[in-house]
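Here is the structure we will look at, set down as structure tokens.
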Amino acid sequence: MSKRWFITGTDTEVGKTVASCALLQAANRAGYHTAGYKPVASGSDLTPEGVRNGDALALQRNSSLELGYSEVNPYVFEEPTSPHLVSRTTGIAIERAVMSQGLAALEQKADWVQVEGAGGWFTPLSETWTFADWVREQQLPVILVVGVKLGCINHAMLTAAAVQAAGLRLAGWIANDVTPPGARHQDYLASLQARIPAPMLGEIPWLDDPFTRDTGRFLDISLLD
Ligand SMILES: Nc1ncnc2c1ncn2[C@@H]1O[C@H](COP(=O)(O)OP(=O)(O)OP(=O)(O)O)[C@@H](O)[C@H]1O
Ligand SMILES: C[C@H](N)[C@H](N)CCCCCC(=O)O
Ligand SMILES: [Mg+2]
């Protein structure tokens, strides 16, 4: 049985991909055969190889297994907006079955599969369902990435409450420093630690090059057991 995780965040642009790459690096170091998965990506570029999303490419690069692009990212949209909107505009319906088949295929190959969502917990995938509905269907344990800044305590508590209301396990959370530490930084961390009902796996500092550095060392994945 593979270990499976769903990586959500307190918002879009809070470091889910940075933290996902760090988690993959930590799992690689622990000897897992890892695969990253970005089922739905919006905000992508047309390249000679086809439409490519930066998150998916980063997950592909940091997976220990050699994975084809479409294995990592079945739904790729160019416009950087909410998936339900770009799905409507392009006429390409996002189907749960396709998302689930992609996950099942990676589970055949990898013993550690990490799924990155899009935006925050309730990002809509159509007029009638959200990413959270699929996570619930899949019964994935959730890891929450908190972009540490003013406002994140409320967003973290709302997300933790929603995950628990869905009957899912909040397995851990990661503090990601999206700015240089300000005067209240330690107070924010302590406030989050006191309120998020899951272990803090680590803190990723503010870095010049968060995608090219060895960031796995900032996380303790043994806390996920
Ligand atoms: N620890 C960090 N240090 C410096 N910059 C960071 C850090 N974490 C994230 N960033 C910057 O913040 C931006 C957003 O990060 P990232 O792409 O990981 O967010 P995301 O939550 O995955 O966004 P999306 O919702 O689009 O998937 C990136 O430009 C990244 O370089
Ligand atoms: C384009 C962006 N970077 C993400 N890929 C998608 C964010 C969806 C947010 C939906 C919302 O809550 O408004
Ligand atoms: Mg991302």
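Including glycine, each Cβ sits where the backbone N, Cα and C put it.
Remember, it's a predicted structure, so these values are computed and weren't measured experimentally.
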Name the one residue among T12, T17, T89 that TrEMBL lists for the same Mg(2+) site as D55, E116.
T17
Nearest by CA distance to T17 (ATP binding site): which of the recorded positions is it, out of K38, S42, E116?
E116
Please work out the number of neighbouring Cβ atoms within 10 Å of the Cβ of K38 (active site), leaving out its own Cβ.
28
Of the recorded positions K38, S42, E116, which sits closest to D177 (ATP binding site) by Cα distance?
E116
